[in-house]
Structures are given as C-alpha cells and as structure tokens.
Amino acid sequence: MSSSLYGGASGRRVTVRDLAAAKERGEKWPMLTAYDAMTARVFDEAGIPVLLVGDSAAMVVYGYDSTLPVSVDDLLPLTAAVVRGSSRALVVADLPFGSYQASPAQALESAARFMKEAGAHAVKLEGGRRVLPQVEALVSAGVPVMAHLGLTPQSVNAFGGYRVQGRGQAGDELMADAKDLQQAGAFAVVLECVPADLAERVTTSLAIPTIGIGAGAGTDAQVLVWQDLMGLTPKPAKFVKAYSDLGAEMGRAVRSFAAEVTSGAFPAPEHAYS
Ligand SMILES: Nc1nc(=O)c2c([nH]1)NC[C@@H]1CN(c3ccc(C(=O)N[C@@H](CCC(=O)O)C(=O)O)cc3)CN21
Ligand SMILES: CC(C)C(=O)C(=O)O
Ligand SMILES: [Mg+2]
C-alpha cells in the first residue's frame with residue numbers, strides 16, 4: 001500500500017479528515033488526475049488516496065490547447081465515471097472556468113451538480129482572495145473545498161503563458177492568499193509552478209495540507225496529470241517525471257495489431273467462434 005491514508009482497515013473511502021490527520025503525522029501522499037473509470041480503478045487499487053477529475057481534461061481528453069473551453073456538462077460524465085471506477089479514493093471535481101467566478105451562488109450551483117449528479121466528494125477552484133466569498137459559501141453548505149494557487153491555468157491569458165508564479169513580491173501575496181483560504185475553510189491547497197522555497201514556507205505556515213505540482217519537495221502531497229506520469233505527453237513541463245513510456249508502448253502494440261491484420265495473422269482460430 002502506498003499510503004497508510006488509504007487502506008485503513010475499514011475499506012471506506014478516504015475523507016478530508018484523513019488528509020488533515022496525515023499532515024499531523026507528517027505523512028506525504030500522492031494525488032493523480034483521472035478522467036475515466038478504468039484508469040480510476042487502476043489508481044484506486046494502487047492506493048492513490050485522492051483522485052482529481054481535473055479541468056486539464058480540456059487538454060488531455062478533449063484536445064483543446066488550454067483548460068478554458070470545458071464546461072460543467074463536459075466534466076460531469078467524466079467525474080461520474082471516476083466515482084464509479086473507484087471505491088477507496090476521495091474524488092475531487094475541478095470547477096471549470098466560468099462555473100464559479102461570477103458569484104458564490106454560481107459556485108454553489110456548480111459544486112452541487114458535481115456532488116448530486118456525479119457523486120464527487122469535494123471540489124477544487126482556482127484563485128486566492130478574489131474567490132474567498134465562493135470558498136466561504138461552499139464550506140457553509142458542507143462542500144469540502146480544495147484551493148489552487150500559483151500557476152492557475154484558467155488565468156493563462158492574464159499571465160501571458162504558462163509561467164512560474166510567486167517569485168519576489170508575489171510570494172508574499174501568495175502566502176497571504178494561502179492563509180486566507182485556510183481561514184475561509186479550504187481543506188487543502190494546490191501550489192502549482194511556484195519556487196520550492198516559497199512552497200515549503202507556505203506548507204510550514206499552514207495547518208491544512210499543501211499539494212505541489214512543480215513546487216519542489218517541501219509540500220505535504222504531490223499531484224501529476226496521469227498522462228504525464230505515464231509518458232503519454234509529447235512535450236511535458238520541466239516538473240514532470242515520466243515513470244513509464246506508455247506512448248511508445250501503445251504505438252508498438254497498435255503497429256503489431258495493424259501488421260497482423262494486414263498479414264492475416266490476426267485473428268487466429270482461437271480468437272474465432274465455430
Ligand atoms: N498534461 C498536462 N499536464 C499539466 O500539468 C497541466 C496540463 N496538462 N494542463 C493544465 C495545466 C497547464 N500546466 C502547465 C503547462 C505548461 C507548463 C510549462 O511549460 N512550464 C514551463 C515553465 C516556464 C517558466 O520557467 O516559467 C516549463 O518549461 O516547464 C507548466 C504547466 C499544468 N497543467
Ligand atoms: C494539475 C491539477 C492540479 C489540475 O488542476 C488539473 O489537472 O486540472
Ligand atoms: Mg485544473
């Protein structure tokens with residue numbers, strides 16, 4: 001088992017309380033994205049305690065070049081599939097661009113759809129002090145909220161590209177955002193593409209877990225997009241470590257299948273019915 005968080009004797013799902021307890025124990029944990037039932041099952045059985053149905057689905061599932069185009073309607077069926085495919089992990093639904101920024105009421109309406117229609121256990125949204133009213137409304141309604149600071153991809157057009165955030169003065173702003181999000185009731189905060197020393201200072205300053213992606217080794221947890229981890233992404237960011245070469249492996253398998261169809265070697269008699 002990769003984490004004592006997961007695999008507690010009960011067989012129940014991981015909860016936000018379990019994540020708080022892991023921080024108390026100083027225990028680090030992994031999080032992965034998932035977008036379908038079969039990969040969710042593999043990651044769940046491998047002991048990943050938290051699965052994120054990321055709006056990165058816009059890019060890795062739907063083929064867009066940013067996360068901006070996807071809607072709640074696009075992500076709901078993927079979230080439902082991940083919940084059905086898993087039995088132990090906490091499933092977090094990423095609120096997509098335009099589904100929460102307008103108002104606390106809009107955020108609650110979107111979060112409620114992910115929880116009622118897909119069975120998500122928590123939601124994630126991007127931003128600091130500008131989304132505090134949304135975080136407070138969700139928490140008041142009993143919705144666990146994961147925050148996300150640093151490189152928040154829904155703001156890519158404001159940033160002028162996918163760039164490291166929180167250097168210099170901006171680091172103090174990020175620290176203040178993180179503390180305010182904790183105060184508003186967020187149960188965890190993702191720190192994406194920020195200097196490692198800043199991520200470590202935020203982690204020691206907060207009681208809630210921090211989850212790093214491109215934020216160094218000092219956070220309480222680490223998250224990656226699963227296609228990056230598996231070596232399916234053609235040009236991954238610097239923070240990615242590929243633990244497999246699935247792109248090449250799938251290419252080999254498909255070429256073998258194609259060659260055997262062409263030659264007549266597949267299907268053999270054992271693959272046919274009499
Ligand atoms: N497959 C995938 N993996 C991700 O981690 C991911 C997505 N998609 N889509 C949504 C966002 C976008 N992300 C990105 C995308 C690009 C960089 C990138 O190219 N970063 C530069 C750093 C530039 C700098 O130094 O400021 C790099 O070279 O790593 C980083 C995060 C992270 N998220
Ligand atoms: C990379 C993670 C944190 C994310 O927000 C996503 O996959 O959409
Ligand atoms: Mg996201």
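Cβ atoms here come from the backbone N, Cα and C positions, even for glycine.
For reference, TrEMBL has these:
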- Glu192: active site, proton acceptor (ACT_SITE)
- Asp55, Asp94, Glu126: Mg(2+) binding site (BINDING)
- Asp55, Ser56, Asp94, Lys124: 3-methyl-2-oxobutanoate binding site (BINDING)
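Overlay of TrEMBL annotations on the structure.
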residue: Asp55; record: Mg(2+) binding site; Cβ contacts under 8 Å, 6 or more apart: Thr67, Val70, Leu75, Asp94, Leu95, Pro96, Phe97, Pro153, Gln154
residue: Ser56; record: 3-methyl-2-oxobutanoate binding site; Cβ contacts under 8 Å, 6 or more apart: Thr33, Thr67, Asp94, Pro153, Val225
residue: Lys124; record: 3-methyl-2-oxobutanoate binding site; Cβ contacts under 8 Å, 6 or more apart: Leu52, Val92, Ala93, Asp94, Leu95, Val145, Met146, Ala147, His148, Val190
residue: Glu126; record: Mg(2+) binding site; Cβ contacts under 8 Å, 6 or more apart: His148, Thr152, Pro153, Gln154, Ser155
residue: Glu192; record: active site, proton acceptor; Cβ contacts under 8 Å, 6 or more apart: His148, Leu149, Gly150, Leu151, Thr152, Pro153, Gln165, Gly212, Ile213, Gly214, Ala215
- [ ] Could you check what DSSP calls Asp94 (Mg(2+) binding site) once collapsed to helix, strand or coil?
- [x] strand
TODO: Taking ligand 2 as the reference, state which of the binding-site residues Asp55, Ser56, Asp94, Glu126 have a Cβ closer than 6 Å to one of its atoms.
DONE: Asp55, Ser56, Asp94
Open item on the list: Taking ligand 1 as the reference and 6 angstroms as the Cβ limit (strictly under), which binding-site residues among Asp55, Asp94, Lys124, Glu126 are close?
Closed with: none
- [ ] Check the binding-site residues Asp55, Ser56, Lys124, Glu126 for any whose Cβ is under 6 angstroms from an atom of ligand 3, and report them in sequence order.
- [x] Asp55, Ser56
TODO: For the recorded Mg(2+) site formed by Asp55, Asp94, Glu126, name the remaining residues of the chain with Cβ within 8 Å of the site's Cβ center, in chain order.
DONE: Gly54, Ser56, Thr67, Leu95, Pro96, Phe97, Lys124, Leu125, His148, Pro153, Gln154
TODO: Determine, from DSSP, whether Lys124 (3-methyl-2-oxobutanoate binding site) sits in helix, strand or coil.
DONE: strand
Open item on the list: Measuring Cα to Cα across Asp55, Ser56, Asp94, Lys124, which the record gives as the 3-methyl-2-oxobutanoate binders, how far apart are the two most distant ones in Å?
Closed with: 12
Open item on the list: Going by DSSP, is Ser56 (3-methyl-2-oxobutanoate binding site) sitting in a helix, a strand, or coil?
Closed with: coil
Open item on the list: Give me the count of other Cβ atoms within 10 A of the Cβ belonging to Asp94 (Mg(2+) binding site).
Closed with: 29
